[in-house]
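Trainee: Sharing a structure here in structure tokens format.
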Amino acid sequence: MDWGTELWDQFEVLERHTQWGLDLLDRYVKFVKERTEVEQAYAKQLRSLVKKYLPKRPTKDDPESKFSQQQSFVQLLQEVNDFAGQRELVAENLSVRVCLELAKYSQEMKQERKMHFQEGRRAQQQLENGFKQLESSKRKFERDCREAEKATQTAERLDQDINATKADVEKAKQQAHLRSHMAEESKNEYAAQLQRFNRDQAHFYFSQMPQIFDKLQDMDERRTTRLGTGYGLLSGAELQVVPIIAKCLEGMKVAADAVDAKNDSQVLIELHKSGFARPSDVEFEDFSQPMNRAPSDSSLGTPSDGRPEVRGTGRSRAKRWPFSKKNKAVVTEDFSHLPPEQQRKRLQQQLEERNRELQKEVDQREALKKMKDVYEKTPQMGDPASLEPQITETLRNIERLKLEVQKYEAWLAEAESRVLSNRGDSLNRHTRPPDPPASAPPDSSSNSNSGSQENKESSEEPPSEDGQDTPIYTEFDEDFEEPTSPIGQCVAIYHFEGSSEGTISMAEGEDLSLMEEDKGDGWTRVRRKQGGEGYVPTSYLRVMLN
């Protein structure tokens, strides 16, 4: 069924319907345009929200970035930012594929519709003009017939009138004959005009207008199909980003699952563990005596050397870290303003940075040497002398970095000694450290037995104030409990020389068995594959629990 056959007389209806279709197309384009504005505003607000809550400091300068909860929050913000990017992509696709293309298509449809209806109106105007000509020839024929009949009647009356002259009669007959001839011509013209109009009218209703209506039908169906495709693009733009949005949501879930309370607790320890020894007992100051006894582990005991110490006017008090006010320290190059453990970590970081810079300069020097050799063998490629300033500068940088590496190594060794010293002091001041081992490992039984004998002898003597050579865990080496199996594996990240008793040496990259986890004091008990068991710094290990 087509419009040209079924709707041949509905010109105005088709005109209204096609205009309504184009208006609907324009409304849909306007709707999508406003939808893209909503998406763009939504994405912009999301990006502003993410920017507002992202950390302001760089990750390397922000200690909070080491916590899993902070890392997960940052990852979640990044996923939200990626989600906002997908909303912008939806808006862009809708704007280009729907708004711009359909708006352009709508303009083309309007031009085509205008052309078809102009053609139809011209055909209507031509038919109306033909009908007007037919009516004019018809009226002329009718008028000429009346005039001819009147002239004939006048000629007959004069012919019968005896008083009329022959000339009058003859004139009236001639007039009647002329009128009859004119009527006959009008009749022929009217007949020809009628025949022509009927032919034009049949062409108008059976050929010309049906063709125009069929063109309008084809145009409207194409518009309808294109509008349906535009409807599909609305959902297609969403479906296109669904996989990536799903990945964003999955990333948010992964970030949520990555929050590790135990790890964050360990990170807090690593960040803020000072390495200081716990404060000793507060000594008793006997103001009833003129002489003040020297401090010792027993509150009222005399010094081990028996020498009394004169009390001065000032009162010497040991610093009690948890309660004392911390003054703003002056930052020094060796980080001596920091607590021992933090100083050691910062020095270790600086040493690693200097070693990386040194390796970079060494590689650059080797590259310059090779380039110089190439220039010497092939002079046309360049002048070898032009590289001398760069080589000299590189050598100066290497020497400078070597000195800095040596300087930081010395500071690091001193800081590690201080950490070990504080650890020894803390252990000697307490009868039993937190969660001590029960007995010596079987692989180091000989060392443990000899060490325990020395510990028993040393426990009867007052503790030495010099913590440099104080053994680590000397009071409970003989209490190590034979473990059934290691609780995990670990790898030595750095070389460690176990100079104090209770510790064990390890080489960088060495695989070790984990016998006991860090109890919060910075030391972990390990066993070497070739035998021997002892404590090493936890920060020197990469631990993998079973």
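Keep in mind that glycine also has a Cβ here, set from the backbone N, Cα and C atoms.
TrEMBL does not curate its annotations; it predicts them automatically.
Fair warning: this is a prediction, and the values are worked out from it, not measured in the lab.
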Trainee: Of the residue ranges 134-171, 286-323, which one carries the region 'Disordered' annotation in TrEMBL?
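Mentor: Of 134-171, 286-323, TrEMBL gives region 'Disordered' for 286-323.
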Trainee: Helix, strand, coil: count each for the residues of the domain 'REM-1' (337-414), based on DSSP.
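Mentor: Result for the domain 'REM-1' (337-414), in helix, strand, coil order: 72 helix, 0 strand, 6 coil.
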Trainee: In this predicted model, what is the average pLDDT of the domain 'REM-1' (337-414)?
Mentor: 88
